[in-house]
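J.: Just passing along the structure, written as structure tokens.
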């Protein structure tokens, strides 16, 4: 427990470019950037494949790659290829890591909508895009948000590895702490990362509450 | 050439129904299966045409070709002379009401907005669309309080009513109903059927109704098209003709064994000879009557019980039918419910009009068998 008070009680840890606020901001920056890019790629792709039923193989490949690709290995590879002048070597592996959960869940969410419902929507005279936007997406939203949440938590946790290649983020406390045997820093950094992940989880729960129709979540009685 | 079609709304077609014509329509799938084979028939304006047959007879496929959920391989389907193939499917569908088996309500939308789906699509003002939806909930017999609920909060029967309201929202002249009542329990089904008939007597839509239940077909149809497996038309007739003159062995078998009894429901009981001298007041029971049975009535002429003068202390149950409204099947049913073998004719207030004795029923049945 001393480690925690040592770490959080030290005023030096709260200021400057290596302080907690700055590292937190960097961590946030990498995570958000990676997640936004992943969303821009995976959501449209998932909607398209789920709605048209064509290209399902892409989803399968993506889901399998997610298990096979070592994040750390990719990070090293991209650092070797691109150098450390930009944050790209960190962002690219994070994006690749977060695409599969979003893609798979979006696809499954859309494809899993009751065929009768899809049929009724077309039968009422909705056009293809209207069926997707007005019926399939609202009904599939819980699964789509689940994919987003899984990705976000994964990204927040994995952004830690940015510190390996000298970039910022909360991982610096952990990695640097190990290197200099300052275990207060290791523990404090870990706690911060865990808290961050919990906040993300909470944020998504709130988003789900607000955006998913009570008719779909069946929350009311 | 692409022709425009106004759909069922707007001043041009306001309230007017349409005739649907199948002209040598065939649906063949790429694997060679023929679902509908050279079907030609007409679903007349303002009538209920029922497609009935065993599974695999192409009845649903035929229905879905009307609103182009499926496209015909050969032949054409005409709506008031316009081939549906020339109409853009979403535009076509917005002008045709569509009710399906599981209702298919949008789970994320409140009931009122589900009903207003098509008006919204047609660009109606939100308030006007919702007002119309509220009006329709009442028409299909739902409590206005349901409007703010979500589909999962409603029973199957209630959802099906919403499904009918949704199909009627933009007042389309044509209604397609694909086994709409087959997923609800028999009691709810009967009341939904009765209400459909009542609605239809007010709205006069051109309705095509698909079912696998021959009793439902006979009850609802003005005309019944019996289809056989492979999508060929076995017989197209009004229910009475279907029951009395089935075209072939397939139709006869499909109709089932009690078609003689069922035919009675198309014969009015209004022609039954009624006797008015068989009723007695409670306290004025005659000790010396030659009649085997007498009906005790209250001072305001409501039936109480049958008694036989031989054992005046024993009260026996009675069965009634509505005079002038009910058919021979109901009258016979009422007679069989009582040991007296007589059916009591009552008016709409439940007061006794007269009694149909076994002799009167016999005469009427003999006449019915003659047809």
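Heads up, the Cβ atoms here are built off N, Cα and C, so glycines get one too.
For reference, TrEMBL lists these features for the protein:
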type	residues	note
DOMAIN	A:24-204	domain 'ABC transmembrane type-1'
TRANSMEM	A:30-50	transmembrane segment
TRANSMEM	A:71-99	transmembrane segment
TRANSMEM	A:131-148	transmembrane segment
TRANSMEM	A:155-175	transmembrane segment
TRANSMEM	A:187-207	transmembrane segment
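Looking at the shown structure, can you explain where the listed features end up?
T.: Here the transmembrane segment (A:30-50) has long-range neighbours at 56, 58-59, 87, 90-91, 94-95, 97-100, 102-111, 132, 136-137, 140, 144, 147-148, 151-152, 155-156, 159, 162, 167-169, meaning same-chain residues at least 6 beyond its ends whose C-beta is under 8 angstroms from one of its own.
Tertiary neighbourhood of the transmembrane segment (A:155-175): same-chain residues 7, 18, 22-24, 26-27, 30-31, 34-35, 38, 71-72, 75-76, 79, 84, 87, 89-90, 94, 97-98, 185-186, 188-190, 192-193, 196-197, 200, selected by CB-CB distance under 8 Å and a gap of 6+ residues from either end.
Within its own chain, the transmembrane segment (A:187-207) has Cβ neighbours under 8 Å at 3-4, 6-8, 13, 20, 23-24, 27, 145, 148-149, 152-153, 156-157, 160, 170-174, 177, counting only residues six or more beyond its boundaries.
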J.: Would you kindly list the residues that approach the transmembrane segment (A:71-99) from elsewhere in its chain, counting only those six or more residues past its ends and only Cβ-Cβ distances under 8 Å?
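T.: Same-chain residues near the transmembrane segment (A:71-99) but 6 or more away: 30-31, 33-35, 37-38, 41-42, 62, 65, 151-152, 154-155, 158-159, 161-162, 164-167.
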